[in-house]
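Below: the structure, in structure tokens.
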């Protein structure tokens, strides 16, 4: 190309060759004369020492934000990555004019700014919300998490987001001191399986943890029977009266404690479950076994220590492999000791059948995009009736397991089951009586899929009494809601009056004195109560007669059922579990790995907060 520099064939080639000549022969006046005045020099474009973007440049800000949000916050990359020479070289390839950001700038400026932006958006969301429910979980550290500190933090959150008068319920785990009381639930026979799996193998990838709907960890200790002290939460909020509690137990935690009680009584299935664990381990250490399974469209998923239902899924996958297929593969591999006998399969099938509804409930009640409190009562009744049907079978092998599950359900959900006149033991667990909160009974009616269908298994007389209780609860709650709304309206009325209105006001007062009554509010309250009762019951009866079973029926027809709609807004804000906040701790655990020990407490909190609120960034 240099040889053609004197006879360029087109303008673009001429320009390019001139730039080359500029580098080779800077003293050539003829070549210099054809260079445009604003022509950028090649070393300013491609040299890493060339001109860089200014701090306020849009492209510079775009790349800074992308690095922080996508790499640091979303992917959880170390903060120090921006100071690594390889990362700087990479960014130079992306855009040579980009000015590298420093770790110090991230921790001192960018993260705090994003944090404040998120808080502001959350405050705006809370300001637009009429009702809010909270979940609470804390690190297990009794030295730091005293009742005074919990109370101060609780009050700080209420004030920060201006939640006074808006909080409907607070969901915590079942420990009386609000500290995590979970232990791993491991199915019988899976102990050795996990002993031979390294921590890295078991934890899995971050993406898998995020996509899972399973609860992180579970408990297996019997809790205290004494009543829980809620005074720590009364600094800002007053506990509701009658059958309502400010603090409610985590449903998923209670459900998994029932699972753990049942697992302790699974001795009959122990040998069969051990074979399943051995098969699962073989599937992940023997390529030949795994490939043979894949050829017949089967695979055995890896079980996780911290998720009991991942182990349940492993058992389920194994028994779904046809007996002849599995036995043939094991025989060829000389693994005859792992062949499942007919009795093994019978035990495993019963095991899966008994825990199937627990598995479904564990997943369904931990959703974050729909109301979950509606699922609690129908789930408990559905599981109890299913277990009782299983127990009545004359061919049941795992009788002890089934009886243990029934006993545990009745003990841990005793407060709820008493509403349906079901016999429950007198000795209960901590927080079990709190399931008597009437919110668990009325909330299914707000879901068009349930209405009253979930009560069909009750005796007719009992069902009628439950319906009367429900109607009374709707009247009582709506009256309280109406009173609260009217007080809010009155509080917003300005006390300022114009001078021209004084005479009119005085005349009005004088006319009222002619019909004075010592206790005028007696008649007014009675009138309001009657009107409230009439409105809410008319709506309730019409709503229950709707043929549609759409989940959001109440909200799609809020103009037809305004009273029910207002109640639904309040009580459907309550989550069934505190599982979402436990996932936040899982995220913190991912950040606080051993090779990132230099992270400060402040930065861990900032990164966790931003990660869990990334949709607001």
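Backbone N, Cα and C define each Cβ position, glycine as well.
Whatever TrEMBL says is automated annotation, not expert-curated.
TrEMBL tags one of the stretches 176-198, 199-221, 222-244, 245-267 as region 'Disordered', and that stretch is 199-221. Record note: among 1-41, 42-82, 1-41 is the stretch given as region 'Disordered' by TrEMBL. Residue counts for the domain 'HAT C-terminal dimerisation' (554-611) by DSSP state, with H, G and I taken as helix and E and B as strand, are 40 helix, 0 strand, 18 coil.
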